[in-house]
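Copied from Swiss-Prot, the annotated features are:
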| type | residues | note |
| --- | --- | --- |
| MOD_RES | Lys109 | N6,N6,N6-trimethyllysine |
| SITE | Glu124 | site 'Reversibly protonated during proton transport' |
| TRANSIT | 1-66 | transit peptide |
| TRANSMEM | 82-102 | transmembrane segment |
| TRANSMEM | 117-137 | transmembrane segment |
Amino acid sequence: MFSCFKFISTPSLVKSTSQLLSRPLSAVVLKRPEILTDESLSSLAVSRPLTSLVSSRNFQTSAISRDIDTAAKFIGAGAATVGVAGSGAGIGTVFGSLIIGYARNPSLKQQLFSYAILGFALSEAMGLFCLMVAFLILFAM
């Protein structure tokens, strides 16, 4: 079968078919390939480099898709900002527990205070991390 194909196909058909197969499927469907002769192929090879033969594909975004992207950014940033409110609630819980613990056993004042500072630091770090993620979503994406 391969020997029959060698006799049927011409060099220009093989070259135009190979160019057709190297293009993306969307470009093949949307645009029909040009029939190239040996003279036009040789003039293309001499006059322009191979990189200029590749068609540039520009992505176009509509106003609706840009609005959807913007809305998704705001929703994601709002969800990340909820963590900052959780951090505030955590800090309140830590110091509320410090007051209750000190009222129950005043002799553990130093140990309770060190645990409260540790809880405050961890809660504040999580709040700052959530705020950083919210800003990254808004301004870096």
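Glycine residues also receive a Cβ, built from the backbone N, Cα and C atoms like all the rest.
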Cβ-Cβ under 8 Å with the transmembrane segment (117-137): same-chain residues at least 6 beyond its ends: 73, 76-78, 80-84, 86-88, 90-91, 94-95, 97
Alpha-carbon spacing, the residue listed as 'N6,N6,N6-trimethyllysine' to Glu124 (site 'Reversibly protonated during proton transport'), which is rounded to whole Å: 22
Three-state secondary structure, which DSSP defines for Glu124 (site 'Reversibly protonated during proton transport'): helix
Entry from the recorded positions list Lys109, Glu124 having the most other CB atoms no farther than 10 A: Glu124
